[in-house]
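Contents: one structure, followed by commentary.
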Amino acid sequence: MSRAAVLCGLGGALPATAVTNEELAAQLDTSDQWIRTRTGIGLRYVVAPGEATSDLAVAAGERALESARRTGGDKAADVDLVVLATSTPDRPCPGTAPGVAHRLGLGTVPAFDVAAVCTGFVYALATAASMITAGVAQRALVIGADTFSTILDPTDRTTRAIFGDGAGAVVLRAGESGEPGALLGFDLGSDGGGADLITVRAGGSRQRSTGEPPVEGDQFFAMEGRPVFTEAVINMSESSQRLLDRVGWTPAALDKVVAHQANVRILHAVGEQLGLEEKQIVVNLDRVGNTVAASIPLALTDAAAEGDLLPGHRVVLTGFGGGLTWGSAALVWPDIAPVTA
Ligand code: COA
């Protein structure tokens, strides 16, 4: 056995306002039927005016810390590292994580953001786990939080149907590789050749250095749906398979794949590529949409709260997103109680 990062707390948070497909159809040229059949999404949540990513991150962080306390006692919430995955920070500068750590009363712990869009949570998890195994940290709070409603083009029926706001968080502690909850391995990758497929064109140094205001529309999130669909299926399948090979699990021995909740057709296609049955694939996007960096921890929270994810289950998490980026993680599910919204 060797030193490992062990998952010991889990929580999620959603904003108060739910938006149904029917409400979108009243504003845009779309329908409940189109959105359900093409994406599997029925509902998403959006922040209120003035509400920010950090507000959701703090709520999810509090719940993950409470979850850690319930199984490990008060000391379980004494984290010495905060890693926040987000592509919708409160402000371009500074990072959002230090403010989140401050509001959580965590003192002067190191806190920083990781930007890998929908893969952000897996990248943040790998970063925090590596810092724990290296002995740089003992306990980490890892949060995925995004508010894509703040960067969507209000007239774009496709992205408005897909994306929702939310936050999910886990607590990791130093432990042993043989324990339930130990992160057993990661597979991470990127392909910057696909950077233009998922992007906000304006607002960065490339546009600002021109001295010109952004071209109308470039301040909004833009995505090329079809190639993104294909790349998501290929990269989540291949990344999961590489990790399964490394960990020594067959797809049949796997209990659950918790993939980034982008589109139910993507989830089924990944399942097909890996030769999985439908019951092995966790789905919660019908209730929350694509919540970007929050997607995987929110899916974990829902699945664990509903008894779909049980102690001893062999689990692979897999994500894909802008960058392009992708990543997977493997663990045996621990006996923890998630704290939900
Ligand atoms: N309501 C009704 N029609 C819509 C629509 C909506 N909300 N959004 C798009 N359409 C239309 C398109 O305009 C197009 O019309 P046209 O044929 O007249 O041009 C038609 O539906 C088909 O569009 P297409 O893009 O081929 O549909 P699709 O079946 O590929 O589904 C996505 C579109 C965006 C749902 C799908 O490509 C997808 O999920 N991509 C991945 C998105 C994603 O996961 N992003 C995040 C990854 S991290």
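Cβ coordinates come from backbone N, Cα and C, glycine included.
Ranges compared are 31-35, 151-155, 261-265, and TrEMBL records region 'ACP-binding' for 261-265.
Sequence-distant contacts (6 or more apart, same chain, Cβ under 8 Å) of Asn290 (active site) comprise Ile41, Cys118, Phe148, Ile162, Phe163, Gly164, His260, Gln261, Ala262, Asn263. In the three-state DSSP assignment, the secondary structure recorded for Cys118 (active site) is helix.
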